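Student: Quick one: the structure is below, questions incoming.
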Amino acid sequence: MATTNNVTELILLGFSPNQDVQKTISVMFLLMYTAIVLGNGLIVVTIMGNKGPTSPMYFFLGYLSFVEICYCSVTAPKLILDSFIERKIISLKGCITQIFFLHFFGGTEIFLLTVMAYDRYVAICKPLHYTVIMNRRACGLLVGAAWGGGLLHSVGQTFLISQLPFCGPKVLDHYFCDVHPVLKLACSDTFLIGVLIITNGGCISVISFTVLLASYVVILHALSTQTSEVRRTALSTCASHVAVVGLFFIPCSFVYMRPCVTLPADKIVAVFYTVVTPLLNPIIYSFRNAEVKNAMRRLIGRKVIW
């Protein structure tokens, strides 16, 4: 395989060649990105504050909200800034860096969602041992494992892409750098690397989805013997988690668990897991939760008094 790169920068096509349409889309992204940072940031501050909710579920939720902010920040700011620039370019090194952080935070989010499913399993199926099993040290180790898993996944994807030579064309039909559209620009045989990329992402998705599915099968079985009030409370919490998992996993699976080809719908699908899920997370998972809302009111009340 040749290792000489004649390409030092790539041109991003964005959503549309029409500048007016691109600017309209950028304004929408700016509004959504602002809402993501404010909504998820408020959750992080509330949960990590001294008087925020203290159960392991909220501990994981705080980290999930932080990851959502970071994940969206990998792609949205550049799209917004590019609307003011006629020639939308990104250096090859910058492109590979964007891929690294995109998969780092995306992989971490997948593992955090899996950890949160395990937390719900322990809370519902082993309530008497919940505080012992999900102690502070165990929660810290699980969060560390999620970050570590995301890092390993990202390093694997980035390493594979960085081995490819790029000698033209240099036009990327997307609004950010990702493995499939970048792979399409390589001027060498990419079959083997494409298989390894799918295997990397696919294994993580399949394993995480299997753990999630197993957790909820056991949870539903355990709830069948509980009272209607207990079932209603537990299912309300689980439904929020399932909604977030669905919004993130379904579009991700569409993009990453198929042969390395690009489709016209990829840009629209990517919006769901890079912007829509982080935007809806505070609404689905937090603002409808009485304990989180009360903690937010206390936090805002203290700020007003100060």
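Any Cβ shown, glycine's included, is placed from N, Cα and C.
Fair warning: this is a prediction, and the values are worked out from it, not measured in the lab.
The following feature annotations were taken from TrEMBL:
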type     : residues : note
TRANSMEM : 25-45    : transmembrane segment
DOMAIN   : 39-285   : domain 'G-protein coupled receptors family 1 profile'
TRANSMEM : 57-76    : transmembrane segment
TRANSMEM : 96-118   : transmembrane segment
TRANSMEM : 138-156  : transmembrane segment
TRANSMEM : 191-222  : transmembrane segment
TRANSMEM : 234-256  : transmembrane segment
TRANSMEM : 268-287  : transmembrane segment
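How buried are the listed features, and what sits near them?
Tutor: When Cβ-Cβ distances below 8 Å are used as the criterion, the transmembrane segment (191-222) is approached by residues 107, 110-111, 113-114, 117-118, 120-121, 124-125, 149, 153, 156-157, 160-161, 163-164, 179, 183, 234, 238, 242, 245, 249, 252-253, 256-260 of the same chain, each at least six residues removed from its ends.
Within the chain carrying the transmembrane segment (234-256), a Cβ under 8 angstroms from the stretch's Cβ atoms is held by residues 57, 106, 109-110, 113, 116-117, 120, 124, 178-180, 198, 201-202, 205, 208-209, 212, 216, 219, 223, 226, 266, 269-270, 272-273, 276-277, 280-281, 284-285, 288-289, all 6 or more beyond its ends.
Within its own chain, the transmembrane segment (268-287) has Cβ neighbours under 8 Å at 29, 32-33, 35-36, 39-40, 42-43, 61, 64-65, 68-69, 71-72, 74-76, 102, 106, 174-176, 178, 240-241, 243-244, 247-248, 250-252, 254-255, 293, counting only residues six or more beyond its boundaries.
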Student: Given the model, what does the mean pLDDT over the domain 'G-protein coupled receptors family 1 profile' (39-285) come out as?
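Tutor: That region's mean pLDDT is 87.
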Student: Residues sitting near the transmembrane segment (96-118): Cβ under 8 Å, six or more positions beyond its termini, same chain?
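Tutor: Same-chain contacts beyond the ends: 57, 60-61, 63-64, 67-68, 70-71, 74-75, 78, 90, 142-143, 145-147, 149-155, 157-158, 161-162, 176-179, 182, 204-205, 208, 211-212, 215-216, 241, 244-245, 248-249, 252, 273-274.
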